[in-house]
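J.: Before we start, here is the structure in question, set down as structure tokens.
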Amino acid sequence: MTHEEHHAAKTLGIGKAIAVLTSGGDAQGMNAAVRAVVRVGIFTGARVFFVHEGYQGLVDGGDNIKEATWESVSMMLQLGGTVIGSARCKDFREREGRLRAAYNLVKRGITNLCVIGGDGSLTGADTFRSEWSELLGDLQKAGKITDEEATKSSYLNIVGLVGSIDNDFCGTDMTIGTDSALHRIIEIVDAITTTAQSHQRTFVLEVMGRHCGYLALVTSLSCGADWVFIPECPPDDDWEEHLCRRLSETRTRGSRLNIIIVAEGAIDRNGKPITSEDIKNLVVKRLGYDTRVTVLGHVQRGGTPSAFDRILGSRMGVEAVMALLEGTPDTPACVVSLSGNQAVRLPLMECVQVTKDVTKAMEEKKFDEALKLRGRSFMNNWEVYKLLAHVRPPVSKSGSHTVAVMNVGAPAAGMNAAVRSTVRIGLIQGNRVLVVHDGFEGLAKGQIEEAGWSYVGGWTGQGGSKLGTKRTLPKKSFEQISANITKFNIQGLVIIGGFEAYTGGLELMEGRKQFDELCIPFVVIPATVSNNVPGSDFSVGADTALNTICTTCDRIKQSAAGTKRRVFIIETMGGYCGYLATMAGLAAGADAAYIFEEPFTIRDLQANVEHLVQKMKTTVKRGLVLRNEKCNENYTTDFIFNLYSEEGKGIFDSRKNVLGHMQQGGSPTPFDRNFATKMGAKAMNWMSGIIKESYRNGRIFANTPDSGCVLGMRKRALLFQPVTELQGQTDFEHRIPKEQWWLKLRPILKILAKYEIDLDTSDHAHLEHITRKRSGEGAV
């Protein structure tokens, strides 16, 4: 990367103008995207305009199109909805309306349009672009614009960001707003669960999503619902019979409640709608259960955006500006979307076409095709749901294997969800599943018991670790561990935990040379708030911790905004890993985030103080600085606080907050529940396969490197990687992987906080095609 290229990003937008609008239904996280578009646009030297009230504002012009400033997008990151307003616009559907919109853009010299909305809004934008030259011709003929203006605005660049709570847009794994909508739904489901258990009730919950069952499907996975109705996969013709049998079976197993999730577009095989009332009447009539219906409605669109949506919106906004400014008359209108944790650019019309194909397939009752078109992520969710909710464990355990599940390290939200799915998938496969209490220590002491189906009932939504977890490593107690492996006939180990789970795995590999009993397959599922396990881009529990930090930062910023001229220094957890500090910095709009991976000196601290001094001269009179707990042994939180207090005398005062163990607590977020559930299922499927492969002469013998793995999410796929192969990628002294993907997001944090830095554009997304993405390895 040459210095010239580095510098190019800062001058990329000079002489250009970008307009940003939000259209269609609002979604949480739209404000994060608007803020990123405005700030990165200004950073590149472009002028940026707000278009208020969506396409209606574009058509009406006047005060609806206003130039944005750096400060005009301050304090909007944590707000739900869209601050610049949205409207469903009839005028823009007519050519006359689009002509007026073109006139309003040309007069302001705007040739770049960033549209944040659903598929309808994006299709409208593409139509507008394809007609652009004709519209200019008409305006010239009518004498409304000069030839010079027409030449200057000869082509229109369009980039779309998908903002929709339904996640119904093909080509992106997550749309802006989906994660926050899931947060709202899960909060409600958790609240309803307690009342349902008290009265032994059945609840039928109707969630939004139009013709897409994503919200309903993920909700049912995240709360362990008994049944889900989604439009893409209508139930079989005798579903009434199956549903009632399933509900009464659950009650027989000792459950005090039933939860049924219905997508608002749910239909049967003949395309006839299935309503919540129909289901309620059926359950009351056939089973006589006390049944209530709750329609969640617009609650799902409201509230604060989750950390995931704020980061997604910010990343997509940055990418959108780059795509617009790099655009030429020949580049097609594109959508910036998410694949795994990678930002990708896809041709807008290809995505719209596939989205329409889903609707068409459903109308033609080709449900299998509709499911495939929704993408790998959707299909994986559906497969895991079907296994957990509809397959019964076999009665006989003949030819079964024994697998033990344990937690290692510090507690992390989502551990219990991973244990639940591991245990249940194991039972479904006909295995005996044992649970080990208190990690490797419990394995050595024999704190082991068999788990049945209902042992893990209701665990998905519970935080912490119900099995108990310890940081103890196995090496010291190999003899006792080997004895217990023989005593309980353990043939495979699923280890759910943080860095200790990984190092424990390495020790088990080492111990195989001495103890034959340790020659059994094992798999590590990364679960730690620090997100520092080699071999995985994400760990179970990190998303929950991130949201906890985010909520706290929002409250602290609000306090600072009230007092004025105040800077807060907040210390986050994570050991030496700066993931939480960096991502929370992005999600909470921090001015700086100090981390171990990016060494800093006293000069950097001084520069940050200078930066805050300048900031206090603007209308935004507050500061937020995050510091990872082990970023530097000498520049402690107290040191930074004292430095800021001294240097800021008379200009701002400082306060400090150490967040501590609250970051490990709380009920798991939908992302962590879902991720943990799928990781558990995937791990158990792998385990069954490898046990069969390692079965020789009546016993298990696994001593190959690939029989001890970490299951991790890498870019776009879930992969099993031998722990021994990951050794070279690990910095053991600081307990972090040598390469971390999220470090590439650090410059975004600095630009959004108004630092003059060089932006490396070499890693920006390139245009891909949707067909390739669908056939490639899917994300979780």
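Keep in mind that glycine also has a Cβ here, set from the backbone N, Cα and C atoms.
What Swiss-Prot records for this protein is below:
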MOD_RES   THR2  N-acetylthreonine
REGION    2-390  region 'N-terminal catalytic PFK domain 1'
BINDING   GLY25, ARG88, CYS89, GLY118, ASP119, GLY120, SER121  ATP binding site
MOD_RES   SER133  phosphoserine
BINDING   SER164, ILE165, ASP166, ARG201, MET208, GLY209, ARG210, GLU264, ARG292, HIS298, VAL299, GLN300, ARG301  substrate binding site
ACT_SITE  ASP166  active site, proton acceptor
MOD_RES   SER377  phosphoserine
REGION    391-401  region 'Interdomain linker'
REGION    402-780  region 'C-terminal regulatory PFK domain 2'
BINDING   ARG471, 528-532, ARG566, 573-575, GLU629, ARG655, 661-664, ARG735  beta-D-fructose 2,6-bisphosphate binding site
CARBOHYD  SER530  O-linked glycosylation site
MOD_RES   LYS557  N6-(2-hydroxyisobutyryl)lysine
MOD_RES   SER667  phosphoserine
MOD_RES   SER775  phosphoserine
J.: For ASP166 (substrate binding site), which of the listed recorded positions (GLY120, SER377, LYS557, ARG566) have their CA atom within 10 A of its CA?
T.: none
J.: Among all chains shown, work out which of the recorded positions GLN664, SER667 has the most CB atoms within 10 A of its CB.
T.: GLN664
J.: Residues other than GLY25, ARG88, CYS89, GLY118, ASP119, GLY120, SER121 within 8 Å, Cβ to Cβ centroid, of the ATP site?
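T.: For the ATP site, the extra neighbours are SER23, GLY24, GLY117, GLY124.
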J.: Near SER133 (phosphoserine), how many other Cβ atoms are within 10 Å of its Cβ?
T.: 13
J.: Just to confirm: which same-chain residues, 6+ apart in sequence, have a Cβ under 8 Å from the Cβ of SER530 (beta-D-fructose 2,6-bisphosphate binding site)?
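T.: Listed in sequence order: GLY498, PHE499, SER539, ALA542, MET573, GLY574, GLY575, CYS577, TYR579, LEU580.
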J.: If one measures from the C-alpha of ARG292 (substrate binding site) to the C-alpha of ARG566 (beta-D-fructose 2,6-bisphosphate binding site), what distance in angstrom results, rounded to a whole number?
T.: 49
J.: Measure from the Cβ of GLY120 (ATP binding site) and count the other Cβ atoms within 10 Å, all protein chains considered.
T.: 15
J.: For the region 'C-terminal regulatory PFK domain 2' (402-780), what's the model's average pLDDT?
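T.: A mean pLDDT of 93 is what the predicted model shows over the region 'C-terminal regulatory PFK domain 2' (402-780).
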J.: Between the Cα atoms of HIS661 (beta-D-fructose 2,6-bisphosphate binding site) and GLY120 (ATP binding site), what distance do you get, rounded to the nearest Å?
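T.: Roughly 45 Å, rounded to the nearest whole number.
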J.: Counting across all protein chains present, how many other Cβ atoms fall within 10 Å of the Cβ of CYS89 (ATP binding site)?
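T.: There are 22 such Cβ atoms around CYS89 (ATP binding site).
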J.: Are any of SER133, ARG471, LYS557 (the recorded positions) within 10 Å of ARG301 (substrate binding site) when you go C-alpha to C-alpha, and if so which?
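T.: Checking each Cα against ARG301 (substrate binding site), there are no hits.
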J.: Please work out the number of neighbouring Cβ atoms within 10 Å of the Cβ of VAL299 (substrate binding site), leaving out its own Cβ.
T.: 15
J.: Expressed to the nearest Å, what is the distance separating CYS89 (ATP binding site) and GLN664 (beta-D-fructose 2,6-bisphosphate binding site) at their Cα atoms?
T.: 45
J.: Within a 10 Å radius of its Cβ, which of these binding-site residues (ARG292, ARG301, ARG471, ARG566, HIS661) has the fewest neighbouring Cβ atoms?
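T.: Comparing Cβ neighbour counts within 10 Å for the binding-site residues ARG292, ARG301, ARG471, ARG566, HIS661 gives HIS661.
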J.: May I ask you to report the DSSP-based helix, strand or coil state of GLY120 (ATP binding site)?
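T.: Where GLY120 (ATP binding site) sits, the three-state DSSP reduction gives helix.
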J.: Please report how many Å separate the Cα atom of SER667 (phosphoserine) from that of SER164 (substrate binding site), as a whole number.
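T.: So the alpha carbons of SER667 (phosphoserine) and SER164 (substrate binding site) sit roughly 25 Å from each other.
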J.: Where does ASP166 (substrate binding site) sit by DSSP, helix, strand or coil?
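T.: Going by the DSSP assignment, ASP166 (substrate binding site) belongs to neither helix nor strand, so it counts as coil.
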J.: Between the recorded positions SER133, ARG210, SER377, ARG471, which lies closest to ARG88 (ATP binding site), Cα to Cα?
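T.: Given the candidates SER133, ARG210, SER377, ARG471, the nearest one is ARG210.
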